[in-house]
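Residues annotated as transmembrane segment in TrEMBL: 20-45, 57-79, 99-117, 137-155, 191-213, 234-257, 269-289. Per TrEMBL, domain 'G-protein coupled receptors family 1 profile' is recorded for 38-287.
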Amino acid sequence: GNWTSVTVFVFLGFSHYPRIEVTVFVLCLLMYLITLLGNTILISITILDSHLHTPMYFFLSNLSFLDIWYTSSALTPMLANFVSGKNTISFSGCASQMYFSLAMGSTECVLLSMMAYDRYVAICNPLRYPIIMNRRVFVQIAGSSWVTGCLTALVETGPVIHLSLCGNSIINHFTCEILALLKMACGDTSMVQLIMLVISILLLPLPMLLICVSYASILSNILRISSMDGRSKAFSTCAAHLTVVVLFYGTALSMYLKPSSVNSQEIDKFMALIYAGLTPMLNPIIYSLRNKEVKMAVKKLLMRNPFSAILTSVLK
């Protein structure tokens with residue numbers, strides 16, 4: 001029967017690895033809590049501090065909001081199932097989880113490339129930056145990223161939920177990941193795979209290429225900096241940004257653009273933990289909490305509570 005004849009799906013998760021199952025749960029819980037804390041702090045300070053009302057921090061707050069929803073859609077059901085001992089999810093819950101995970105992941109692919117373009121314009125064309133990246137432009141860029149991610153997720157999810165299943169409701173994953181669900185389908189899935197291939201090419205290698213070109217131009221400008229201290233700081237920032245980009249796009253590329261003959265479901269689970277848990281946790285730390293402007297904004301907010309002295313010393 002098709003999806004509508006299935007009322008409950010069962011996750012296998014990491015049950016094949018009972019010795020590390022608890023360790024994976026603890027790590028996922030820590031990643032989720034740090035993601036919530038770091039991204040919530042970043043969103044709060046960008047709203048409260050007028051000095052951070054710039055295109056860069058507007059994009060970063062969008063990324064933080066996106067990461068909270070992305071990690072929540074992927075990890076929260078797994079954590080809840082582990083605590084309750086019931087590794088199940090309803091049909092509607094599985095369809096919703098698959099859609100939101102795809103939508104948030106696709107949006108992040110586009111948004112990260114737009115953020116790299118913003119940094120390129122700011123560093124390589126500083127005098128024209130206020131004109132090129134005015135308020136209307138950066139709001140439209142962020143909005144188009146969200147629209148693109150949500151629409152592509154809808155295009156991918158729609159055909160999958162109409163596929164016939166081989167009488168099997170067991171998902172060999174910890175979440176309703178679209179590739180894991182395709183392995184449960186009977187009949188011809190070539191059209192769905194073609195749609196996924198086209199969307200994956202548009203959302204993975206092309207944005208990553210734009211990011212690489214942007215940072216190559218940025219690094220070229222950095223080499224012209226006479227100050228060794230300024231040059232080393234700029235290189236450190238770019239290296240940190242590119243590390244997160246490689247982690248996110250690299251794991252996604254290895255999953256969605258690998259040959260169909262390669263069956264690596266167990267590896268895919270750990271890859272999913274990286275781009276759904278690790279990179280959302282690192283994003284606020286790498287992109288913003290290391291910045292002097294953000295540190296100053298946090299210190300200003302901490303001055304309003306009695307523990308400011310302790311927390312401020314931690315930030316130094």
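Backbone N, Cα and C define each Cβ position, glycine as well.
Counting residues 6+ beyond its ends, the transmembrane segment (269-289) has Cβ neighbours under 8 Å at 13-14, 24, 27-28, 31-32, 34-35, 38-39, 41-42, 57, 60, 63-64, 67-68, 70-71, 74-75, 101, 105, 115, 173-175, 177, 240-241, 243-244, 247-248, 251-252, 254-255, 295, 298 in the same chain. For the transmembrane segment (137-155), the list of distant contacts is 55, 58-59, 62, 99-100, 102-111, 114, 118, 195, 199, 202-203: same-chain residues at least six beyond its ends, Cβ to Cβ under 8 Å. Within the model, the domain 'G-protein coupled receptors family 1 profile' (38-287) carries an average pLDDT of 85.
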